[in-house]
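Chemist: Pulled these from TrEMBL:
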type	residues	note
SIGNAL	1-22	signal peptide
DOMAIN	1-213	domain 'GH16'
ACT_SITE	99	active site, nucleophile
ACT_SITE	103	active site, proton donor
CARBOHYD	107	N-linked glycosylation site
């Protein structure tokens, strides 16, 4: 009887894992407008994010995920976009929420966009790394991917990794693996802080500002509640993100990331000794990749 029960549980988990993996390839099927619907609308697999003096625009995925890969193609606000922020991130809800951030800070004409990345675990963030882009992100669409598995989080731009945040729970460092997170994207007014610490404000004469989003794709484990904590982490063919090949960057990918960090990184919290008074976060002393 005991072996029969074990078999039933195994079959249940196997079936659940099979159905937990999803591929969403259309914005209209996968997301809905959370705010700004008076001046924007999802058009199939395309969403214009609009910002004017009435409001910005935000969209959210219909379901939450735990582990996998989410990607989106974005074309940013051209010209003088100072004070605006285009956001694309994963987040749970509540005071002790988890979050994985891509935020793209606008600029005055001729200045590069800044990519702001961060990780929150149990409501605690403060793990910022920022980069300039090595191309003009307003001229064409580029792919921005967040890959998240039980081992690590990796941020990619056009398949080039920018940073890694590894799971060091065994050393007492919190890691986001207990909460399902929805995908958010938005364009909003952040003139209080976004450009040169808030010194450069939005030029509303140039509005409406429009960032364009398309080809949202979530190859990820759908969150069905606390049971997903174990189901989405099970090593299985359906949970492709748990494969050993995704546990660490390849040598070639490490080379790409080192090139980005050497040439385009402009801030790393792990180097900000003044901010932490020399008491650096524990993960800063551990290898990330």
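Backbone N, Cα and C atoms are what each Cβ position is placed from, and that goes for glycine too.
Can you tell me where each of these features sits in the structure?
Modeler: If you take every residue in the domain 'GH16' (1-213) and average the pLDDT, you get 88.
Residues within less than 8 Å, Cβ to Cβ, of residue 99 (active site, nucleophile) and separated from it by at least 6 positions along the same chain comprise 89, 90, 91, 92, 118, 119, 120, 125, 176, 181.
Within 10 Å of the C-beta atom of residue 103 (active site, proton donor) sit 20 other C-beta atoms, taking all shown protein chains into account.
Taking a C-beta cut-off of under 8 Å and a sequence gap of six or more, residue 107 (N-linked glycosylation site) has these contacts in its own chain: 80, 81, 82, 113, 114, 195.
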